[in-house]
């Protein structure tokens, strides 16, 4: 093949130009993302049962829906929660690769079977099904420039003008509003109702009757009598529009002509539909909408569309309204990708300098350099074929490939130059002879490297997606590299090299380098000879090194993905059970003041929401979105998000009225909302809620004493005091009261009842009837409300009920159908998440029988990635061995290559230990890269030793000569590869955690494989040849 292109260089150029052209066309069509679609698809079912307790919601809504969700294709796990606010949420997570549209349709079909079993109120409120990611893409907030608008005004403007528009933006799966649109609020006064001998049900009936849209028909509608000349629509009463209109609703007409109007017993105003959240931006009222991605959507493209949409609408905002984006995940994505691209170019420059140092002329250096754009652009074409994106993983794979892809061209050029210098052949003839010598080695190297990475492409789950991106990118680059090395590189060697180019000078800086290198090479050859003559002593050293490698591998803590500084910080607020929104807001204000004063040099803005948190919803819950300044303004380690969170944790621990947790977002935001570890404590033996709560508290106590656990917290609403009404139904029946009348009184007066709708500036909004806040503030206010019996009299509610305080659940959760409690935590300083997870499992084993923990979210992915790693290594090593066996037509010779691999792995593990890195996905990829590189170096020696031996040399002469002859290209390629990954090791800023982890592992392994591995390979080859015996040992 090479001979063909040596004689036809134009043909070789045409192939390379076509490859580059396809790549250039592909780049423009490839989307850009931080990571590929790692997060598994999620479908959420939400329902609302206003006024119901958490237990009531769980029994009548959540479990009813949950029990129907069986037989769904690819369902991985199901989480459900029920709150005392009347909310029910069922989150279904499917296997990675499941079509989210199909999953949503299946869930909707199952929900249809459950809908008829739900309470009528729940059906009327509506049950929604959505598919979107678990976390927020960004938050857009409206603020008042002059402070004249409050949150309700801003929220209503947002609901009326923005929410629906953003819900239709391509890529947005859900818009969650922190605020509420206007509603017509009718606030009942129980004293006035009693004075007029009326009940809340009378008000609801009157509002329903008078605030109605009547369809009155038309004159002359068909069929019409003959000669009909008029056709006109008849208009009658329509929906009311103003509070004044509602105030005039007639509740009762007296016999003397007097009227009881709504305004006589209630206060009517335009207020908020709900008052569950309070939003502030830097202390000023705000309305916010959080955008969630549709599964499979590209974050950068969706965010760009959302920003363009808000810019479009901002032109029509009222003069006193403006928008801000207090939370945005995409700047980190853009900068981290830019940093990887920068690293890629740095690697190319460093590799070029190494090649120039060794080849020592521009002509020779240009040949392997030209392979870089051909291979890289061709790899982009392959990514487009596979439907991949330009993301952190594919770009890191290309950085790794830089050093590998020039190796093939370097081997060709270096061998051609050696033959020209040693044998005096012309460049064309030297190229022909060189390709005859090294084509087998090139193919062998390509097979080994491909064998290392190809098994990664067949793993499933989120970890499998990461593996696949690396595998396809690197294997594609390797395949293209070999293609270029067999086509373009020999054609260039034959056409542009000159005989004088191959002569290594002994003058100047290059001369000094050559003299030193020749001495090192001579020393290396002598050392190899010494080692080969002393196999037992050196074998003991090798066994010791392998034992150290095994010990380090066992002790290296596991992980998933390294923690990153994404320029954002969450702060969770959890007040005491029963704390009001006013108390929680005071804590939120204190937190905001801390960030904007103490951390002023690091923080841009703080957006707080009271009433909402990742742990649940309620008046005692809150969440802060802290937007940090750009990374170039926070270059000192003390300004990292981890350092800021650590200081904030210490400061907030002094707050007495709430628990406050600064949380660093996870490395993959789509997999959850917080970093650290995340799990459910399950009651698998039918234990009660109180028993589960006791077990949880026991686990929290043990974890708080563990030196491996930095912090741990319950992720949900705590049990709280509840006012239990015990209704005497016999007494109620004796007084002529029906259960419906009693229930209606409670739901209207205390929970608030949605009656019907009204029209506000062209939009349909809701009408609610509820008791005045002052009339439902204390237990004694129950006595103010009365129920009408069947004879028309009013019965005080206190006559048919008794009350007592009890402790009950504010929120109930289930995981995979079992009662559970969610907990989240973070490891102590210097401890990895893998170690912390193992510690939590150990502590959980000390709980009473029937309790167990189940990992979820990012922790589940980490656990599964750790379980896949041994199989991945085993498959890769087996594939390498089989490829070598096929290449050498021998079952023995491959062991000479395989035995060198622990040496490279040892270096990678030492680098991880020194740098404090986890054995996570990035490090696993680094280990596989090191295995491939170690095998490549060994193949260069083994291939030449085998050829030399077959030419008639003794085993000792063959192996020493091969080691000395291949020393220069091995050092050259290894040095090129080491400097190629050096920018990864030294990088900082956005996304540096992943770059450092993979770069350090590869660099450590490369140095170890180069410094130690090349000493042991000749010994391995000699030993294998002797052990195999017979013809091989001649």
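Yeah, the Cβs are placed from backbone N, Cα and C, and that goes for glycine too.
Looking at 274-301, 302-329, 470-497, the stretch flagged in TrEMBL as transmembrane segment turns out to be 470-497. Among the residue ranges 415-436, 437-458, 503-524, the one that TrEMBL annotates as transmembrane segment is 437-458. When TrEMBL is compared with the stretches 836-862, 998-1024, the one noted as transmembrane segment is 998-1024. In this chain, the transmembrane segment (340-359) lies close to the transmembrane segment (366-390): three or more C-beta pairs between them fall below 8 angstroms, excluding pairs fewer than 6 positions apart. Within its own chain, the transmembrane segment (536-554) is flanked in space by residues 899, 902-903, 905-906, 909-910, 913, 919, 1012, 1016, 1019, 1023, which lie at least six positions past its ends and keep a Cβ under 8 Å from the stretch.
Outside the transmembrane segment (12-33), and at least 6 residues removed from its termini, the chain residues within Cβ reach (under 8 Å) are 5, 298-301, 333-334, 337, 370, 373-374, 376-381, 383-384, 388-391, 480, 483-484, 487-488, 490-492. Against the transmembrane segment (871-888), stretch 437-458 has more CB pairs under 8 A than any other of 437-458, 470-497, 998-1024. If you count C-beta pairs under 8 angstroms between the transmembrane segment (470-497) and each of 437-458, 921-945, 966-986, the highest count goes to 437-458.
Taking Cβ pairs closer than 8 Å, the transmembrane segment (966-986) reaches residues 342-343, 346-347, 350-351, 353-355, 358, 396, 399-400, 402-404, 406-407, 410-411, 414-415, 517, 521, 524-525, 933, 936-937, 940-941, 944, 995-996, 998-1000, 1002-1003, 1006-1007, 1009-1010, 1014 in its own chain, all 6 or more past its ends.
Sequence-remote contacts of a segment are chain residues at least 6 beyond its ends whose Cβ falls under 8 Å from one of its Cβ atoms, and for the transmembrane segment (437-458) they are 1-2, 404, 407-408, 411-412, 415, 464, 467-468, 470-472, 474-475, 478-479, 481-482, 485-486, 872, 875-876, 879-880, 882-884, 886-887, 897, 925, 928-929, 931-932, 935-936, 939-940, 943-944, 947.
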